[in-house]
Amino acid sequence: MSTDSKRYCIKTKHVAIICAAVVAVGLIVGLSVGLTRSCDSKDGGQGTTQSPSHLPPTSSPPQDQGVCPASEDESGNWRDFRLPDFINPVHYDLQVKPLLEQDTYTGTVNISINVTSPTQHLWLHLRETRITQLPVLWRPSGEQVQVRRCFEYKKQEYVVVEAEEELAPNSGEGLYHLTMEFAGWLNGSLVGFYRTTYVEKGQIKSIAATDHEPTDARKSFPCFDEPNKKATYTISIIHPKEYKALSNMPVEKEESVDDIWTQTTFQKSVPMSTYLVCFAVHQFDSVTRTSRSGKPLTIYVQPEQKHTAEYAANITKSVFDYFEDYFAMEYSLPKLDKIAIPDFGTGAMENWGLITYRETNLLYDPNESASSNQQRVAAVVAHELVHQWFGNIVTMEWWEDLWLNEGFASFFEFLGVDHAEKEWQMRDQILLEDVLPVQEDDSLISSHPIVVTVSTPAEITSVFDGISYSKGASILRMLEDWITPEKFQKGCQEYLKKFEFKNAKTSDFWEALEEASNLPVKEVMDTWTNQMGYPVLNVEDMRIISQKRFLLDPNANSSEPHSVFGYTWNIPVRWTNDNESTITIYNRSETGGITLNSSNPNGNAFLKINPDHIGFYRVNYEVSTWEWIATNLSLNHKDFSTADRASLIDDAFALARAQLLNYKEALNLTKYLKMEDEYLPWQRVISAVTYIISMFEDDKELYPMIEKYFRDQVKPIADSLGWNDNGDHLTKLLRASVLGFACKMGDSNALNNASHLFEQWLTGTVSLPVNLRLLVYRYGMQNSGNETSWNYTLKQYQETSLAQEKEKLLYGLASVKNVALLSRYLDLLKDPNVIKSQDVFTVIRYISYNSYGKTMAWNWIQLNWEYLVNRYTLNDRNLGRIVTIAEPFNTELQLWQMESFFKRYPEAGAGEKPREQVLETVKNNIEWLKQNRDTIRDWFFN
């Protein structure tokens, strides 16, 4: 599926002042929000075609208390979070009937169960859906067992079935059979089985589909909802005749039930985990390709958007064929479908044989979409294809090893796209997308290991984060480099063969790679998966290196929380000298560091440690070496690879932020930028310096100096590329980045161009160049937006059908420098007919990027927290993560407000880690400003 150790005290006399200030701020915000709501909300979106949706249900489905009432009975092992290992499903016969207009569905499931120990109770997962008839239970002999009662144990999301007598273990081939009838809602949520709507030729149409990962299959139907409870499925859907049904497997038969209903039954599936079960009822059109091995690869899409599925269809075929070759294993099912869901909570979901997508990640229109959209589609398509092997064929034993799914998909997606789009430099772009961003996350005390214990649905949901995905991908990249790509590939093939249709743990993967490489993979890699963080290597005399844990907070206790490895790592250190590249294993037991066996014994030539940032660590050279690097970048930056230029700058700014390097040395590296003309370094430079920019945004003395310096640095490349949307893929990405940075730094020429194009667009007669649209919407709105242009942009958002264009317009709307309009925009978040459920948190984040909206967005979250929890639930990871919009905060008052808010709502659900991380970050920001402002001011001043 496409993430705090210091204590801060406020002196007592300041508390009264702060309290008064907070009350005043709260009143002002509350009044402004209230006033603008009463004035503006009535005309939000008048006179436009509304994108339909539906509101959450006002109440839960009525409970049949006589069937399976809720109970606090804790007399059995259903008290435990995990299912017992002596009750295992073997096969599900599942029939579901959606009543689309009523927003409900009914169903029946018959589960064949293997019982290996005597028990009087069977329990399985169920949440929000209700049992409508007393369950029926049969022995392996076919004799019915009397059921005494059933009840829901809501604490662990179970339904418990109690038999009149003890069930003996079944022997031989015979199995118990449990039949349950159930009913549930199709509205109010983007998880489980749900309905959403879209417009076709002015008519509102419905589609119903499932989204089950990680623990939401239990919302659709009663099931043993753990990844190691694999079973086969025969699924049938009863649906209106004018609709079609899809599921994991091909259709076995379609039968008419009556004049209104058709029953579609699908072939029996291979053994799979509950979270991969999928079905959909739709009226879409399709585009099909055929794989080299003869498998149909079909994309289902709204009929009016059929042309936007062509690119995804082509990339699917190319990457699918590549992975069948690379993994030396044919795809396991007879077909592979993909479907674009109009309102979808995650980026995409790898359901076996029926992958579901958010529209932005599947549908690409070359005449309307940007190059970044095209790359996103390719990456997400490749990511979900990887899962058809890593995740579906071989599934992690338990969610603590989620990275075996997500880290692998995040790594191999770059190989897949690199195969299909060879000019995009995807093998290097992994630095921008995964390696360098997650190194920032993982340098906090509040990070977590890749392999982490989880024991609630909220904890499971919360590990779908940058550590599982991006750090997982990063260490696989390092591992592949160490043991060689050939042996890495062979090890992956052996792992897939050995655990086909089964579950595996991290240690199983290490074992497969050890057999393929004859190298101590487990000994090295356990230090990377079983403890959080990563090292910084300090280089002395150009050959002596020592390691220590890298933390952004220089005052943090680097031994906390406890790690069995003591925050030391076994490191495959790659280094180059005179164009020769070598790997030396730095054993963590060598506490005094190691000496590299360099052909340069005097240490007077540059020894590049970690070329192309292939290893998941940072490198700190002596000051004289950093000065040499800065000089040589200015003399001939092409002596360093594009990845090295990005890596050196990122390392330097991270080291300076952690007070391991003077900011003077880091900033000196940026002096060469007037000559830089490549995407990779520029994109990373912009990210690296954004921290400084955001910290000093409100500093009236320093910020203009920062703006002027970076404006001058970016001007040559911005002027050279200009505002014509031409060039290859990477040039288009580069242009969007540097022109955006020029606008952000207040370049009058860039801002005037953005405003001019924006004014032309407002006339309705000009189509903007696709790769400049986001820039124009953002900075045109920021520079010259008013109520008229804002209303026009909102109208365009509501009338356009392409999701990628909608997303850009949402960002434009969030960029207006007008508090009343931003307040009105925040009000629209509660109207799903205007802003889809999937986009609410995106909009809040966009508003927070606006200097006018930063505090407004945060205050809106606080004022509307209970509403958001009711709408999305505490288990929603997007809700959990939204608190991270406060990461740029850097005052004691802002910190106090955050801590007060978290105390008021202590239940964080999937937001537990994000809360820890944002508090740690804000505390670090406050301290950072005290420590670094003068140094940075002096550098820019001079």
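Each Cβ is built from the backbone N, Cα and C atoms, and glycine gets one as well.
Model, not experiment: these values are computed from the prediction.
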Same-site residue for Zn(2+) (record: Swiss-Prot; known: His383, His387; options: Glu359, Glu368, Glu400, Glu406): Glu406
Predicted model, mean pLDDT over the topological domain 'Extracellular' (36-942): 95
Fewest-neighbour residue among binding-site residues, criterion Cβ within 10 Å, set His383, His387: His387
Cα proximity to Asn632 (N-linked glycosylation site), best match among recorded positions His383, Glu406, Asn579, Asn587, Asn668: Asn668
Largest tally of Cβ atoms lying within 10 Å of a Cβ, found at which of the glycosylation sites Asn187, Asn557, Asn632, Asn668, Asn753: Asn753
Cβ packing number for Asn110 (N-linked glycosylation site), 10 Å threshold: 16
Residue, out of the glycosylation sites Asn587, Asn791, whose Cβ gathers the largest set of other Cβ atoms within 10 Å: Asn791
Assigned conformation of Asp211 (site 'Binds calcium which modulates its enzyme activity') - DSSP reduced to three states: strand
Euclidean distance between Cα atoms of Glu406 (Zn(2+) binding site) and Asp211 (site 'Binds calcium which modulates its enzyme activity'), Å: 17
Euclidean distance between Cα atoms of His383 (Zn(2+) binding site) and Asn753 (N-linked glycosylation site), Å: 37
His383 (Zn(2+) binding site) and Asn791 (N-linked glycosylation site), distance between Cα atoms, whole Å: 37
